[in-house]
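Asks: Next up is a structure, given as structure tokens.
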Amino acid sequence: MFINRWLFSTNHKDIGTLYMIFGAWAGMVGTGLSILIRAELGQPGSLLGDDQIYNVVVTAHAFVMIFFMVMPIMIGGFGNWLVPLMIGAPDMAFPRMNNMSFWLLPPSFFLLLASSMVEAGAGTGWTVYPPLAGNLAHAGASVDLTIFSLHLAGVSSILGAINFITTIINMKPPAITQYQTPLFVWSVMITAVLLLLSLPVLAAGITMLLTDRNLNTTFFDPAGGGDPILYQHLFWFFGHPEVYILILPGFGMISHIVTYYSGKKEPFGYMGMVWAMMSIGFLGFIVWAHHMFTVGMDVDTRAYFTSATMIIAIPTGVKVFSWLATLHGGNIKWSPAMLWALGFIFLFTIGGLTGIVLSNSSLDIVLHDTYYVVAHFHYVLSMGAVFAIMGGFVHWFPLFTGYTLNDTWAKIHFTIMFVGVNMTFFPQHFLGLAGMPRRYSDYPDAYTTWNTISSMGSFISLTAVILMVFMIWEAFASKRVVKSVSLTSTNLEWIHGCPPPFHTFEEPAFIKSSH
């Protein structure tokens, strides 16, 4: 019974739950690694050892947070749980493939951890650039294990993407068009398209790196007519869409949360929101070289990538102002989920502004590989993606479990987290402007003050993570059941009660034509 339900599951709700639990545990690992980083940087001098072990920790922190925390929770967890419920489908289009997508992740995670355990570990940064990732600078199996880990995670995501695209296009009730599906469904579909188009390029790049390392090919070795810059193009053609993959489902969740707690029946500017997401998805593929402004590209190339990158601010602005317009005139309920959503809008916008700064190729020459870049992407990830996950979690927790979280604890948790992440990452803008480089385990004494404050902030965030564990325990221990949910007419996922039955929509949903 237990094995049939959890190991061989074909139920989108159970698989979504598995993704959530896996992502939560991976998030603990990623948090631990981030605490190691900030402990090392809390004061000048050495704590862990040399830069190799430090860079192994930094690399693992990135991979764990991206591939095993944010993506499994947002796409695998929320996506699996909510998409079929929101479109009135009985399950995903390919339920067994769905199960395989999940079970590819634990082996992938194991391979990543194994890469740290053998030889000296993969101290390459998450970009895995050759020649540092070649078989001279990184002799041994570490980088190879990392590459295999990425292959498995990539296959998992590609299969998941195929599944979501098929489900969303094919399993709606015949009466409704794509433009009547909720924004979260749209966000997952666009994310899936991005995954489907970008991951094969990453797979090609890291496979070439694998053969360069082991089979004596020279794709990225100038001695044999190769070019390490080719690797950078291949990696970033995946890497830039990837950062939009990490944030787009968050956009979808924030739209739902803001609409719900503003007491509105629909988000402001639905079509504008959809087109904005599609524009972001398209533009995300044609700006990749802004990560490479320092490798010596032609001035006209730099001009193009600068302007193209700035254009992405327009659809992003459409989304931000539409969220504000949704709030406008609403009967606002200051629930914990709403606090996360408001925090998201504010902090994501700050991250977007520093992104506009970095898009200037001339400025980026100075700021590239400094802590300014670290501050920028942690504002959009640690306060964008993670805030969206937390908001979605506290909003849909009653749907997933049937129990309610304690409102007061949830608000305290938000406050601690808000203070912690801002104290961690705001000072890093100053460090970057002062020229402190990334990926070094030590620094000149001049940078001590802001680094110490930053490290203190990370420990505040750690207490927030611990409080969250307590909060979830408290909810399950207290067993406060959900009586009823308001606004189900425009929030289809809630109509089956909390939690919904094992099988939902066994008959096709009936859609009234008046809507």
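Just so you know, the numbers here start at 1 and follow the chain as drawn.
Just so you know, glycine gets a Cβ as well, placed from its N, Cα and C.
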Asks: Please verify against Swiss-Prot: do PHE2 and THR217 share a side of the membrane?
Replies: no
Asks: Determine which of SER441, SER454, SER455 appears in Swiss-Prot for the same Na(+) site as GLU40, GLY45.
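Replies: Answer, per Swiss-Prot (Na(+) site with GLU40, GLY45), from SER441, SER454, SER455: SER441.
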Asks: According to Swiss-Prot, HIS290, HIS291 bind Cu cation; which one of HIS233, HIS240, HIS376 is annotated to that same site?
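Replies: For the Cu cation site that includes HIS290, HIS291, Swiss-Prot also lists HIS240.
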Asks: CB neighbours of HIS376 (heme a3 binding site) within 10 A?
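Replies: The answer is 24.
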Asks: Compute the mean position of the Cβ atoms of GLU40, GLY45, SER441, which form the recorded Na(+) site, and then list in sequence order the other residues of that chain whose Cβ is within 8 Å of it.
Replies: LEU41, PRO44, SER46, LEU47, LEU48, TYR54, ASP442
Asks: Mind tallying the topological domain 'Mitochondrial matrix' (1-11) by DSSP state, helix then strand then coil?
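Replies: Taking each residue of the topological domain 'Mitochondrial matrix' (1-11) in turn, the totals are 5 helix, 0 strand, 6 coil.
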Asks: Under a Cβ pair cut-off of under 8 Å, which of the recorded stretches 12-40, 183-212, 299-327 contacts the transmembrane segment (141-170) most often?
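Replies: When the Cβ pairs under 8 Å are tallied, 183-212 comes out ahead.
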Asks: Which range out of 183-212, 270-286, 336-357, 371-400, 447-478 gives the transmembrane segment (12-40) the most CB pairs under 8 Å?
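Replies: Looking only at 183-212, 270-286, 336-357, 371-400, 447-478, the most contacts with the transmembrane segment (12-40) come from 447-478.
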Asks: Measuring CB to CB from HIS61 (Fe(II)-heme a binding site), give everything in the same chain under 8 Å that is also at least six residues away in sequence.
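Replies: Counting only residues 6 or more apart in sequence, the Cβ neighbours of HIS61 (Fe(II)-heme a binding site) under 8 Å are GLY30, LEU33, SER34, LEU36, ILE37.
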Asks: To the nearest whole angstrom, what is the C-alpha distance linking HIS376 (heme a3 binding site) and ASP369 (Mg(2+) binding site)?
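Replies: Rounded to the nearest whole number, the Cα-Cα distance is 11 Å.
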Asks: Taking only the Cα atoms, work out how far GLU40 (Na(+) binding site) lies from TYR244 (O2 binding site), in Å, as a whole number.
Replies: 30
